[in-house]
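Q: Right, I'll just put the structure down here and ask away after.
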């Protein structure tokens, strides 16, 4: 079975994605709505999208917002023995998570797969063979960060000039400019 694999991430100019287990910048309402819309919207009636995240990302989400609603939540951890409270599934690696999607309890329920963090999960996905789309919000300034996104290899990934449902013009919120980009690889 072939499921679409996507990463969605917001990066500042220094490729920072986190600081002290939180965003390195103020939350941007329209960027958050974009994240929700992209990761929630299924193209197949009766199916849901699967969001895959690392343990630290899971626990960085405020408890009242866990699990991410209208999505199947899977946490990656080599330490946990069972899914954390609220999570639907647990896997030790991205490969194990992808194998889980072939099992009967998920095979007929999952439409798209969205990797939502953190940095090691993104890196594992970006090095995974096969088709992958990166939905990157480029925050057009630096923020002090302690967690970073890998540089995108433009030899491997092609920046798409446009993508349905993704605004291509510069956005602004809380005096922070940002733009949405979509990159794709197929190896």
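Each residue's number is its place along the chain shown, starting with 1.
Cβ coordinates come from backbone N, Cα and C, glycine included.
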Q: Among 55, 66, 71, find me the residue Swiss-Prot lists at the same substrate site as 31, 32, 33, 34, 35, 36.
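A: Answer per Swiss-Prot: 71.
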Q: When you measure from the Cβ of residue 118 (NADP(+) binding site), which residues in the chain that are at least 6 apart have a Cβ under 8 Å away?
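A: Long-range Cβ contacts: 17, 18, 53, 54, 56, 57, 147.
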Q: Whole-number Å distance between the CA of residue 124 (NADP(+) binding site) and the CA of residue 32 (substrate binding site)?
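A: With the alpha carbons as reference points, the distance is 24 Å.
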Q: Between the binding-site residues 71, 78, whose Cβ has more other Cβ atoms within 10 Å than any of the rest?
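A: Ranked by Cβ atoms within 10 Å, first place goes to 71.
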